[in-house]
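*Asks:* Starting off with a structure, shown below.
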Amino acid sequence: MTKHLPTISDISPLLKAEILAEALPYIRSYHGKTIVIKYGGNAMVEERLKESFARDVILLKLVGMNPVVVHGGGPQIDEALKKIGKTGTFIQGMRVTDEETMEVVEWVLGGEVQQDIVMLINHFGGQAVGLTGKDGGLIRAKKMLVANEKQPGGTIDLGFVGEIEAINPAVVKALQDDAFIPVISPIGFSEEGQAYNINADLVAGKMAEILHAEKLVMMTNIPGVMDKNGTLLTDLTAREIDGLFADGTISGGMLPKISSALDAAKSGVNSVHIIDGRIEHSLLLEILTEQAFGTMIRSR
């Protein structure tokens, strides 16, 4: 049986009022600060969650924060690949990307998915602008090679999977200054103009670092980081994370997510959280309430 996840309708009027009152100190604290949000998973698929996310981002902007959205699109890419008879292959949480897959990734992320997010935010009264790594030289990338765990010293070529060489934040800052909400697709480009598929978690983490973000929030399809017994780990340090990597608790798609979150924390991002994007208005609950939510990542 599918577990019921709460919606805004489940919250009593009194609790709603208490939440609004509770939000004031957080609004003051984050006023004028950059909040980077990695948006992905079910929150990008279910209509009610898509709408609640758009409204949340708009509210953050209206109360004086500077939200920057970095989106994924794994399910949409998988669906597009399925239509042309291809299946996704992942190594260490990274999608192996041949030339044909790269074309699909560019079309899905830079077109279909991004346009949907931008249009929804604009529909509800916000001002969103979509960007890829090519716009304003935002994300310069190079080919990523990952370590071959079965062959010490060896590497694995993932195709057109990229790692970030540099980020030019000028275009993002210009949009923020003009009251726009940047929506960034995780596609980078080399100096020669070659497009690369970059894991969205890595882009979000590096964007938070370069923009000197106050907060990085990563939305997932689970309550946060779980131990091997399925218990939520609400607070993790670098040392604890190393242990979870070593014993295999953190694996697959969580590898780049946790690595990126930890790197952001080490780089000076004051608050890094991994939260359950399946809960309606989870973004506001994380940023504007006292309630512990998801997993907080700390550098020490």
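Heads up, the Cβ atoms here are built off N, Cα and C, so glycines get one too.
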*Asks:* What does Swiss-Prot list, out of R55, R95, as binding the same substrate as G73, G74, N197?
*Replies:* R95
*Asks:* Minimum Cβ neighbour count within 10 Å among the recorded positions K38, R95, K257: which residue?
*Replies:* R95
*Asks:* Let me check the 10 A CB neighbour count of N197 (substrate binding site). How many other CB atoms are there?
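*Replies:* Other Cβ atoms found within 10 Å: 26.
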*Asks:* Here the binding-site residues are G73, G74; which one has the lowest number of other Cβ atoms no more than 10 Å from its Cβ?
*Replies:* G74
*Asks:* Looking only at C-alpha atoms, tell me how far G74 (substrate binding site) is from K257 (site 'Transition state stabilizer'), rounded to the nearest Å.
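*Replies:* Counting only the Cα atoms, the answer is 14 Å.
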